[in-house]
Amino acid sequence: MAIKDWPEGEGPRDKLLVKGAAHLSDAELLAVLLRNGLSGLNAVDLARSLIHEFGGLRSLLCAPKHQVCRLPGVGPVKYAQLQAAAELARRVAQENLQRGQVLTNPDLTRDYLMRQLADRSYEVFAILLLDSQHRVIQFVELFRGTIDSASVYPREVVSLVLEKKAAAVIVCHNHPSGIAEPSQADRRITERLKNALATIDVSLLDHMVVGDREIVSFAERGWIN
């Protein structure tokens, strides 16, 4: 049944306007963005099929254009709408870690890194630069590709830290496999970076590894002394 034929107030857009977005299911929120479905499928049905196909909203929004647009009912326009929504979410997260904000809430940092790095199809190694009061200076993506002890150059990290006059840093990278458990290579990278930063009297506060649904903190495991 087409959504326009549903009882008044039951459509996802009407429900959002009356009850608020928090009362909508994932499929209903997605249907608001999609606006319409295709023959035999209304927008909510199409949204459910997309979520099922990709295994969740995050995987759908991070999927490349060719994977999304090959599905019936989703062309370049709908793909663009989804990407705009995903980018808005990233920018909201970015505003939550504004320059000058003091990092007193570990959950805020985790949420930010999860939004920035989870579900990337390639590895990204990044650094969160902080001043002596642990206020945010900048978040910088340094390396992309296969991240191992040979591809992360401590001298580039040190150079950036000196350029930005950072007093402390948090480094992070993602695992495209979705499993956040650190590897031995991750531990070697961390040790090399900690030693390099110590030569310029800068503290490595943490190394966070981002998976699909969790973040592993080296500091919480006692791996950074």
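Each Cβ is built from the backbone N, Cα and C atoms, and glycine gets one as well.
Here is what Swiss-Prot says about this protein:
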BINDING   His173, His175, Asp186  Zn(2+) binding site
DOMAIN    102-224  domain 'MPN'
MOTIF     173-186  motif 'JAMM motif'
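In the three-state DSSP assignment, the secondary structure recorded for Asp186 (Zn(2+) binding site) is helix. His173 (Zn(2+) binding site) has a Cβ environment of 25 other Cβ atoms inside 10 Å. In terms of DSSP secondary structure, the domain 'MPN' (102-224) contains 38 helix, 38 strand, 47 coil.
In the predicted model, residues of the motif 'JAMM motif' (173-186) average a pLDDT of 90.
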